[in-house]
Amino acid sequence: MADPKKLYIKTYGCQMNVYDSERMAEAMGGEGYVQTDRAEDADMILLNTCHIREKAAEKVYSELGRFKPLKAEKPDLKIGVAGCVAQAEGAEIMRRQPLVDLVVGPQAYHRLPELTARAATGAKALDTDFPEEDKFDHLAARPKAKRGPTAFLTVQEGCDKFCAFCVVPYTRGAEVSRPAARVLTEARDLVERGVREITLLGQNVNAYHGHARGLAGLIWDLAEIDGLERIRFTTSHPNDMDDALIAAHGACDKLMPYLHLPVQSGSDRILKAMNRKHTAESYIRLIERIRAARPDILLSGDFIVGFPGETDQDFADTMALVEAVGYGQAYSFKYSARPGTPAAEKEDVPGEVADARLQTLQALLTRQQRAIQDAKVGTTARVLFEKPGRLPGQMVGKSEHLHAVHVAAPDAARGDLVRVRIAESSANSLRGVLIAA
């Protein structure tokens with residue numbers, strides 16, 4: 001019997017890309033491929049790319065360049081580029097890096113097996129269409145092999161908001177939601193394979209409309225699945241946090257008290273320039289309503305500093321918003337222009353100014369995060385163990401609030417959900433002690 005062909009996938013960027021890479025690996029598994037952790041051993045290399053951060057495309061071209069010696073050594077090696085850089089760059093990738101055999105966008109990866117077959121004939125294979133049919137209808141059933149206790153599940157893709165800085169509407173397309181019945185089927189399958197926590201994914205997940213009662217309705221249906229202990233969702237837009245979803249945070253025990261709700265800026269002038277379609281005040285009022293429903297919720301956010309036209313006062317407004325809200329986790333970045341977006345045509349804030357503002361903002365966010373973590377010492381938490389720790393007999397898992405917790409638990413296993421007392425806080429994690437059952 002011939003040895004199976006080997007597939008190496010390198011994943012960049014968001015959780016949705018992680019999910020997409022899993023599905024691509026499964027699709028290629030049906031073609032006889034098994035995954036390998038070493039590009040040197042692969043018969044096919046696939047880069048699943050992200051286009052959000054600065055110079056994303058150039059980083060992909062640089063990575064491809066490192067495969068030139070390997071391609072020369074193994075002429076039958078197939079190299080593909082998938083994801084959002086593939087969508088944005090298209091055939092330009094093959095022009096700049098002729099070693100690339102196939103390019104596939106995020107809405108067409110269900111066609112990966114046929115593109116691979118085309119590439120095997122020596123032809124270049126390209127598919128960056130936004131197909132009419134739902135790609136999920138054309139993916140093979142997920143394998144029944146056991147897996148870890150947590151999983152991502154994409155329920156929504158694309159975005160209709162057209163923020164001035166963002167490429168997502170151009171690389172992922174318009175908002176599309178998967179029908180609730182199909183999401184529930186996949187969720188039940190994941191639970192049967194050992195999953196106890198599911199994170200629902202979407203570029204704008206709370207705009208989900210595949211259920212008659214929106215994302216809240218889907219969450220309540222998921223909560224009925226025996227064996228599914230925890231539900232999370234990300235990423236959300238403030239304008240789509242409706243009353244039903246806020247109420248679910250207060251009433252659904254399986255919905256974890258954690259919410260990633262990007263705001264990007266605390267300045268109304270900059271929010272308008274970003275085309276965010278909300279104000280700082282409306283965001284703060286929304287946070288108050290969410291906290292009224294779930295007082296212990298941990299909030300996470302995204303911030304961009306140095307957006308074109310940002311003044312010292314605009315930045316001060318952002319700092320004031322952060323002080324008012326109090327974030328347990330946040331992601332902050334210096335603005336970098338994305339080609340093809342409206343903001344790319346505007347004059348940038350000087351780099352040294354943006355750098356200084358970012359440093360100031362991150363210092364505040366770090367203080368807030370550390371204060372919230374320190375306040376957990378002496379409290380109890382339920383921790384879902386995901387993997388062994390670095391120390392003998394240690395397990396690592398996540399609390400309800402998505403904090404990493406290290407626990408001495410020599411008799412525990414992945415997937416155990418245990419009560420612990422938080423004994424110590426460090427910069428990026430907590431240490432817990434098992435509470436006897």
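Each Cβ is built from the backbone N, Cα and C atoms, and glycine gets one as well.
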- Message: Given that Swiss-Prot assigns Cys50, Cys84 to the [4Fe-4S] cluster 1 site, pick the one from Cys14, Cys159 that the record assigns to that site as well.
- Response: Cys14
- Query: Can you tell which of the binding-site residues (Cys50, Cys84, Cys159, Cys166) has the fewest other C-beta atoms within 10 angstroms of its C-beta?
  - Reply: Cys50
- Message: Looking only at the domain 'MTTase N-terminal' (5-121), how are its residues distributed among DSSP helix, strand and coil?
- Response: 58 helix, 25 strand, 34 coil
- Task: Starting from the Cβ centroid of Cys159, Cys163, Cys166, the recorded [4Fe-4S] cluster 2 site, name every other residue in that chain with its Cβ within 8 Å, sequence order please.
- Result: Lys161, Phe162, Phe165, Val167, Val168, Pro169, Gln203
- Can you tell me the mean pLDDT for the domain 'Radical SAM core' (145-371)? 96
- Cβ contacts within 10 Å for Cys163 ([4Fe-4S] cluster 2 binding site), all chains included, total 21
- Note on the structure: Taking the centre of the Cβ atoms of Cys14, Cys50, Cys84 as the [4Fe-4S] cluster 1 site, the remaining residues of that chain with Cβ inside 8 Å are Tyr12, Gly13, Met16, Asn17, Thr49, His51, Ile52, Ala56, Gly83, Thr171
- Would you count the other CB atoms within 10 A of the CB of Cys14 ([4Fe-4S] cluster 1 binding site), including those on all shown protein chains? 19
